[in-house]
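Accompanying notes for the structure given below.
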Amino acid sequence: MPAERYDDTQHDSGTQSATEHTATFAERAHDSGARALAGESLDRAADLLQAVKPRLRGWLHLGTAPLALAAGIVLVSLAPTGFARLASAIYAVSAVLLFSTSAIYHVGRWSQRGMAILRRLDHANIYLIIAGTYTPFVLLVLDGTARVAMISTIWSAAIAGVLFKMFWLNAPRWLSTALYLALGWVAVLFVPDMVAGTAPATWILLLVGGVLYSVGAVVYGTRWPDPAPRWFGFHEIFHTLTIGAYVCHYIAVSFIVYTAA
């Protein structure tokens, strides 16, 4: 497989037939030697496919993960109320999970089974960061029925998305992208309430971050642009945009948290 067309979906599809073949072989084998050979074949296939990963794959998120952890600690520590600390902690944990899992998955070298598990977690965390980002805004800006409706909707959808990725790992790329975008923009239903309770800079940053996430999702879904596949391809652009969106949203969340009554 040429390096310039590598991405995580191709990785799984490229190993799927080999996985099925060796699994069948292992089931029919009755001696430990045959089973060991089947496992070794899977590991060798995974090693060959990982060897063609773009050289910067995952390193951007590896550098961001400790920064997100430090930023999250600051956010929680400076939150003025217990409710604000709770909202901050949920947001911070979702961000650290996103960047650290992505870094572990993309940078490390794993067996075929290990990569399948990490890929599920990596994709599922996208739903968690969306819900985690909304949480401070919903809990600290909205109230009454709007708060209950929004928090219930966003977290129910996020949990459904996590289960979707866990049980349908090879879902069509366009479908995954559409679900990410739908969950990310569900807040438009509550825009009047959210805008009324925040300063212009806050909701502008929220909007800019949402646009960056959305552009990243489209880049991921279309695999374009792909400027330097061996080093910095479409997936690296996607990761860069997620970092930019996170920065915008972190600043916006900080405004909300630090002014919480």
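Here the Cβ of each residue, glycine as well, is placed from N, Cα and C on the backbone.
Automatic, uncurated: that is what TrEMBL annotation is.
Residues or ranges marked as Zn(2+) binding site in TrEMBL: HIS106, HIS235, HIS239. Feature annotation from TrEMBL assigns compositional bias 'Basic and acidic residues' to 1-11. TrEMBL lists 1-20 with the feature region 'Disordered'. Taken from TrEMBL, the feature transmembrane segment applies to 59-80, 86-105, 126-142, 148-167, 174-195, 201-220, 241-260.
Remark: the transmembrane segment (241-260) contacts the transmembrane segment (59-80), by the rule of 3 or more CB pairs under 8 A. Within 10 Å of the C-beta of HIS235 (Zn(2+) binding site) we count 24 further C-beta atoms, all protein chains included. Counting residues 6+ beyond its ends, the transmembrane segment (174-195) has Cβ neighbours under 8 Å at 123, 126-127, 130-131, 134, 137, 141-142, 146, 149-150, 153-154, 157-158, 161, 164-165, 203, 206, 210, 213-214, 217-218, 220-221 in the same chain.
Two recorded stretches are said to be in contact when at least 3 C-beta pairs lie under 8 angstroms, sequence spacing 6 or more; the transmembrane segment (148-167) and the transmembrane segment (126-142) meet this definition. Counted within 10 Å of its Cβ, the other Cβ atoms near HIS106 (Zn(2+) binding site) come to 25, all protein chains included.
Among residues of the same chain six or more beyond the transmembrane segment (201-220), those with a C-beta under 8 A of the stretch's C-beta atoms are 130, 133, 137, 173, 177, 180-181, 184-185, 194-195, 234-235, 237-242, 244-249, 251-252, 255-256.
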